[in-house]
Amino acid sequence: MSHSNALAHFLRHVSFPPDPHLLPTALKSCPALPLARALHAAAVASGVAGDPFVASSLLHTYLRFGAAADARAVFDGAPQKTVVGWSALAAAHASRGDADGAWRLLEKMRRGNNGPGGGGGGVEPNVITWNGLVSGFNRSGRARDAVVALARMHGEGLLRPDVTGVSCALSATGDLGTEAIAVGEQLHGYAVKAGCRLDACVVTALIDMYGKCGRADEIVRVFDESCHMDVASCNALIAGLSRNAQVSETLRLFREFVAQGVELNVVSWTSIVACCVQNGKDLEAVELFREMQAQGIEPNTVTIPCVLPAFANVAALMHGRSAHCFVVRKGFLLDVYVCSALVDMYAKCGRIRNARTIFDAMPSRNVVSWNAMIGGYAMHGEAKNAVRLFDSMLMCKQKPDMVTFTCVLAACSQAGLTEEGHRYFKEMQHDHGISPRMEHYACMVTLLGRAGKLDEAYNLITEMPFEPDGCIWGSLLGSCRVHGNVDLADVAAENLFRLEPGNAGNYVLLSNIYASKKMWDGVNRVRATMKDMGLKKEKGCSWIEIKNKVHMLLAGDDSHPMMTAITEKLKQLNIEMRRLGFAPSTDFVLHDVEEQEKDDILAVHSEKLAVALGLISTSPGTPLRVIKNLRICDDCHEAMKFISGFEGREISVRDTNRFHHFRDGKCSCGDYW
C-alpha cells in the first residue's frame, strides 16, 4: 500500500473532527512519518493537539521514526510536561549516543521550565526514566554512561533499579571488559539482594557479562544456579565459553542441550559453529553445520561467513560449493560479508579464479572484500595480480588498512619483489598514515631474508620501535635455514627460546639448520634440551577431501582404514621416482642415521599419505587438493613435482605459508619458497 493510499485508509477510519481517544490508536499503528505528520496536522486543525494523550502519542510516534526535531516541537508546545514525556526524550538522546544532551535534559527536567509555554515546577525522574537512560546508552555503545546512569540512580537512594535496569547495566559492564569486573560483581550482588538473580533476563545478562570479562568459571556457576534452560541463557553460555576458548566444555554442554530437547535456534547453532572455527575445531564445525541443516535450522547471513572458514581450513571445497549454491538460492549474494567469505573460501581451497569471479560480481565491496582477494593472490604466489588489484583498490577510492598492506607485503615476499616491498612499506607510512605493526615488520624480514639479505633483515629488526616478537625472530630463523646461516640462526633462536620457551617448532628448526650442516653435536644439544623440557615436535597433519568427505592423515599414524593401500601406493611411488632419477633430500632430517633410515622417515610425511590416498581413491586426471598444518619440506616438495609429472595429476598443497601448485613436474612457486 502506497503512502497516499495508507493515508486515505487512515483518514476514513478517523472521525472528523478527530476523536482525541481514537487518534492515539491511529498514531500507534501509523506506518510512516508522512502519515504521522498528516495526523498531527489534523489534530492541530481540530484543536485536540494539546490533549495530553494526543500529545504523548505524537511525541512517541515521532521518536519511533527518529524525527527528533518534530518530537521536541510537540514536547515544547505541550501545556503540561509529564515524566513520561521527559523520560522519552532523555531515552532518545541516550539511544543516539548524545550523552551530554541526555544529562542536560535530565537536569532541566528536575529544574522545570517556567518560561512561556513552560510546565511550572520540576519533575523527578522515575524508574522508567533511569531505565530509558541505561538501555539507551547501552544500545548506542555508551557503556560507561549506562553504568554511570545506574550508579547515579542507586546513589540517590530514592529508587531501586529493577530487572530491566540491572540487565542493561550488566550488558554495558560486559562491554567495558575486564576493567569493569568489580562493577559487574557488585551488580551481581545487588541482584541477589534484590531477589532478581533468577530472573531469565538477569541470568542471561550475568552470563554475558562474565563471559566478556573473562570469568569462565562464573559463567557455568550462574547458569547452574539459575535452573534456566531457555534458548537465551543457553546462547549466552555458548557465546561466553567460546569467547574464553573453552571449546571442549562448550561442545559438551551444547550436546547436552540438544539431547535434552532445548529448542535451540539459528543463533545457537551459529555460535557453536563459530566457536569451533575460532578454536581450530574445523572438522567439528563442518559436522555441526550439516547437523544444523538436518535439524531443520536454516543458516542465515551470519552463519555462512562463520562456517566458510572451516571449509577453507580443511579444503572442503564441495561443502563450500554447496554453501555457495545455498547463498545463491537465498539471495544472499547482496551481502558484502557473505561474498567476502566466499572469496576467502575459494582462495584458500585453491580456486583463486573462482574467488576472482565472485569478487568481480560483487555489487559492492568493502575493505574486507579487497583484503580477501589480495590476500588470496598472495597465498597463491601471484604477486603481480595482488599488486594490480591493490592499485585498482586505490583507484576505486577504497582506503586500505593495515591488513591490506600485510597482504601486499606478503605477496611481495612470496615472489621476491624486494624493491616493490620496500616501496609499499614506505607508502604505507608516508602516503596512508599507517604505522607499521609487528606483522608488517615480519613481512619485511621475510622479504629481505628470502632474498638472501640476512644482515639487512637483522638490522631492520634492531631498528624496530618496539621489541620484536616470536613472529619476527621466527621469520629470520626460517630465512637462516634457507641460506644456511648458522651464526644468525643462533641469535634468532636464542631470542625465540626466551620469548616462546614452550614452542617445540623453534628447536626443531634450529636442529634442521644444524643437520643441514652436519653439525650433529648441535643437533644432539638441541634434542637434549627438548627432552629435558618435555617438548615434542608437532606432528604433521594433512587434510584431503575425497567424494565430499574430508580425510585427516597424521604422520606416523596408521589408524586410517585404508593405510595398507596407502603404504603400498607410496612404495610404488618411491620405486617409480627412483627409476626416474629422484633422490630424496635428507638434509633436514633431524637424526644422524643411515640414509635408508632417513628415507623411511621422509616417506611417512602426512602430505605424502594424503596424496597417496587421493591417487588410489579418485579417477586418473582428477586434481588433488591437500592442506597441511606445517611447512612442506624440501623432500616432499621435490617428490610432489615428480608425482604430478608421471601420474598426470595437478596437485595443490597449501602449507602454513602458501599454496604450491604442482603440474607437469613443476611447482607454481618456481622453487622460491
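Using the three backbone atoms N, Cα and C, a Cβ is placed for every residue, glycine included.
All annotation found in TrEMBL is predicted automatically rather than curated by experts.
The repeat 'PPR' annotation in TrEMBL covers 82-116, 126-160, 230-264, 265-299, 335-365, 366-400, 401-436. The annotation domain 'DYW' is assigned in TrEMBL to 581-673.
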Residues from the same chain, set at least six apart from the ends of the repeat 'PPR' (82-116), whose C-beta lies under 8 A from its own: 52, 55-56, 59-60, 63, 68, 71-72, 75, 122-126, 128-129, 132-133, 135-137, 139-142, 145, 149
For the repeat 'PPR' (265-299), distant same-chain residues with Cβ under 8 A (at least six beyond the ends): 231, 234-235, 238-239, 241-242, 245, 247, 250-251, 254, 257, 306-307, 309-311, 313-314, 316, 319, 323, 326, 550, 552
DSSP-derived helix, strand and coil totals, residue by residue, for the repeat 'PPR' (265-299): 26 helix, 0 strand, 9 coil
Cβ contacts under 8 Å made by the repeat 'PPR' (335-365) with residues that lie 6+ beyond its boundaries: 301, 304-305, 308-309, 311-313, 315-317, 320, 323-324, 327, 372-373, 375-377, 379-380, 382, 396, 398, 625, 652, 654, 659, 661
Overall pLDDT for the domain 'DYW' (581-673), taken as the rounded mean: 80
